[in-house]
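Per TrEMBL, the features are as follows:
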{"type": "TRANSMEM", "residues": "60-79", "note": "transmembrane segment"}
{"type": "TRANSMEM", "residues": "85-106", "note": "transmembrane segment"}
{"type": "TRANSMEM", "residues": "118-140", "note": "transmembrane segment"}
{"type": "TRANSMEM", "residues": "160-182", "note": "transmembrane segment"}
{"type": "TRANSMEM", "residues": "280-298", "note": "transmembrane segment"}
{"type": "TRANSMEM", "residues": "321-343", "note": "transmembrane segment"}
{"type": "TRANSMEM", "residues": "363-384", "note": "transmembrane segment"}
{"type": "TRANSMEM", "residues": "412-431", "note": "transmembrane segment"}
{"type": "TRANSMEM", "residues": "452-475", "note": "transmembrane segment"}
{"type": "TRANSMEM", "residues": "495-513", "note": "transmembrane segment"}
Amino acid sequence: MERKPLEVESTDHQKPPSAVYDGSVMAVDSVEEEVGETKVVYRGWKVMPFIIGNETFEKLGIIGTLSNLLVYLTAVFNMKSITAATIINAFSGTINFGTFVAAFLCDTYFGRYKTLTVAVIAWITCDTIDSCSATITSSSMRNSSLMYRAKWRPDSVSTAGWTIGLTIPVVLMFLACVIFFAGDKLYVKIKASGSPLAGIAQVIAVAIKKRGLKPTKEPWLNLYNYYPPKYANSKLKYTDQFRFLDKAAILAPEDKLEADGKPADPWKLCTMQQVEEVKCIVRVLPIWFAASIYYLTITQQMTYPVFQALQSDRRLGSRGFVIPAATYVVFLMTGMTVFIIFYDRVLVPTLRRITGIDTGITLLQRIGTGIFFAFVSLIVSGFVEERRRTFALTKPTLGMAPRKGEISSMSAMWLIPQLALAGIAEAFGAIGQMEFYYKQFPENMRSFAGSIFYVGAGVSSYLGSFLIAMVHRTTQNSAGGNWLAEDLNKGRLDYFYFMIAGILAVNFAYFLVMSRWYRYKGSDDEVTTYETNGDAIKQQDKNTV
């Protein structure tokens, strides 16, 4: 098969030309490029085992920590389930918001390798029982400390069990660290090149300053544009959306240029390229908002299924082995992993033949499919919880769960479908988002493109905490009883699931509208293109999802 050239990102400003594409999978063994006076060798697929290995064990370590910590807070610190879920959501949200700060530090000061090094080591140092306890006690736990001292009984805690349960994530994070540093000699360590946030601020500030100027006719020809020497980023075409920002690139009489044509003051005049880069970000924001609401499903599937498992039959086999409640969250990751393989090997080739699109479906269609599966996951969650509660109230129970209520005779294996569906939703939605942001953001902002997904996940975590608090406060004194009671048999967790499903249904409709409106970056089908031939100007506008 004839190999086509592929551009592989090396830095935020330069791309090597010598990688190849075999028609379906990137096949990059090594790529050489001269950066300044230095020849840089990009190892391609040789470094992928280290990156994938690090990501795999890091993800398992985080999930293991969060799910075990949820049970740890309720069983050891005697917290109410609502308080524990709120703390976990806040903890998860703060971690996700931290990626935006990391992206800024990465681009501005340290570079990617140093930032990753600090992050990997930091996870190991805080991923222990003492560190978790100290962190909780010093912040959210202060109001609960008196209750903890009054109710906690040393003989009620299995120290050995918690030591093992919280040591496993530490081991996983250690393996992630080892795998990451094992590939040290293969990585290309690129120095920080400056934060692109300044460019965004410049466009917005200049557009506001020049808001009184009249829009130019034929802006694709008359707006000021300048490309520095050896400019390697893709040159964006003019788009007619958000034309208010175009004023930042209007060359006014008082604007001064340097000898090479560069603006003398970037806070008074911007280039059309800068304006189009900001437009790319503004276009993405409505999609990002919808995707953030979608992730609310994943947030809830990481918390309340653990409490459901605590009040379900977790016995496995004739010997009565009891599966730890926190372990069930692993089925979400398992569902996602298995489906990704099925999607890449089976669905994509099939869809490619049907649609003619190389990826099978568009990125927005993939994200939308993820939102749909998230909705289905919540509906299934509601029916499963209704079944579990009915069994607990109408059939013989299996004893009492500590500080909870009677254990339903329904097998906890019924929780697997909702978790697997959530995993499929993440395979579509989360991965689709990351690819979407990476491709639609300007090339010099790809560090932020990677972090914006996690910022959305952080928003959903805080939103989840808000919904839990709101529902608890609204229903605790109602005639129907508290939906999120400590004893799930006395609550209506199924109503809570159905409520979030309703929110997702509205969000899905909003996403469809925004998808119809969205224009893909650099695509002739989605952006306004122009051709000039003397006085002949042709414009073409198409909106395609």
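Including glycine, each Cβ sits where the backbone N, Cα and C put it.
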Whether the transmembrane segment (321-343) meets the transmembrane segment (452-475): three or more C-beta pairs under 8 angstroms: no
Could you tell me what the rest of the chain brings near the transmembrane segment (495-513), counting residues at least six beyond its ends with Cβ under 8 Å? 287, 290-291, 293-294, 296-297, 300, 304, 367-368, 371-372, 374-375, 378-379, 381-382, 385, 467, 471, 483-484
Take a look at 280-298, 412-431, 452-475 and tell me which one has the most Cβ pairs under 8 Å to the transmembrane segment (363-384). 412-431
The transmembrane segment (452-475): which same-chain residues, six or more beyond its ends, come within Cβ distance under 8 Å? 82, 85-86, 89-90, 92-97, 99-100, 284, 288, 291-296, 298-300, 303, 430, 433-434, 437, 441, 481-484, 492, 496, 499-500
